[in-house]
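Everything on this sheet refers to the single structure shown next.
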């Protein structure tokens, strides 16, 4: 059983109290693709406020559920969906779509969890490549003949009558004869070797070059000889390719240590579990593995791409890697990955801020250094790397504490890019990852910046939270690198307020968790559940309730006087976009939130903290970030926040 250090008694002694640590609040489910969403007409939404159960008008709820089902039916399948939905076949199925791409589906002996890695590619008809085998099991289409970078051979185009199919077969037969002559000629002149063996698989990618499905991008296998971790290697083209090397010993030493479904086979220890996967600490105590929760490799793609960009940009700026090249500028980056097991490796830390047990007034100076360092990391990530973190929470700040005094934080880093999105100007849609393991090139999903897809509901900046209360599917207002950076810093301000309440409340962390934090996370959990159900009206209602909880948290630290202006601006906004009675309902729910999140037990330590330089630094930056309620506030200088 854990114990919690309580505030010193009057006689100077220290007491201990048993603690039952609740699990960390989960974040929203994975963001939806752009094609999963439809534009909604702007309507005046009647804010419910105080309805904690999320009850909404039935007619409105039905309308939105119908919209969600329509959206789901109209969703365009991804390449992975095409493969997983297709029955296993022994021939090549290739169809030409309206977007100018040929969708090539290849059969292989891989499991569904492995098959999505390569067996379906979007192949440009003009100047790209057809991959005719699976790099994992080396099986695939054996009778596909390739010429001039186009998909040919026994590919059947769906549609048409039998006569047209006969004509196509005759034309294909003539094409095959011509292709055989050209291929034999190319082989004799030193080109790609061609074989008429019907059991041999063909691919344009070989031991020397990886030809990608993206026009103008060629990647050479020899590039991997000089790199050991994911790194960005710019070639002057319109692409930002991150090369991810692979060593066979990675699986032997790391993947297999995590073991299978039987816990007895594992040497690793499970230290974290959430919506996006599991985190394991290996037996060396220095390495952690994050295994994705789903078969999709999108999160692995995003993680290794951001890690490569951060590593490259940091080295260019003169930063040196720490902890085996796993930390740059207080950002935790991946040191390796395995697509077969869909996981990435990092350096291991003691714990995260949410599960940290050493909060104490004596550690105030170290907490200031920690938040200042995380702010530097967010500025570097947004302004130098072109990446918005969009998930700044206590659960995503990892720390090592001082072994001599666990009340002091020795090191803090930002981690977890599950909700991150790229905003590199001029290169959106051109961020690609080159994998040595499969000799393939894959692109990151395009960024959409939908407000419901970014940030944990409990720590979402207020100017975005209020927009979600009216239009949950609204996109980020006037996106830019500066605005994204300020938004991340505002989320960091809410995290600082959350942690400072733990430090200053003399009732101890156990009582804070069961009162103030429960009031905040209780509504946040309902918001996540509503997001999973795609219930737009419930999401809007719970976001409006979260605003009052976030303001109440801030008020316990700053006092009522500082809350008057942001409260007045929010009331004016709700009256304009909703109805004239909305401000009264908002004030009523805010008063109830103030009673639930009680700051009366913080008065003594709060006054003491306000008289110290470290305490004033934290309080001033909480004031600068947690009271931003208008989207225009995002245009401030990010270097003036947590400087």
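Quick reminder: no glycine exception, Cβ is built from N, Cα and C everywhere.
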Range annotated as region 'Disordered' - as stated in Swiss-Prot, picked from 1-30, 121-150: 1-30
The one of 271, 279 whose CB sees the fewest other CB atoms within 10 Å, among these binding-site residues: 271
For residue 391 (active site, proton acceptor), the number of other Cβ atoms found within 10 Å of its own Cβ: 23
Listed in sequence order, residues with CB under 8 A of residue 273 (ATP binding site) and six or more positions away: 279
Secondary structure of residue 271 (ATP binding site) (DSSP, helix/strand/coil): strand
Euclidean distance between Cα atoms of residue 271 (ATP binding site) and residue 391 (active site, proton acceptor), Å: 19
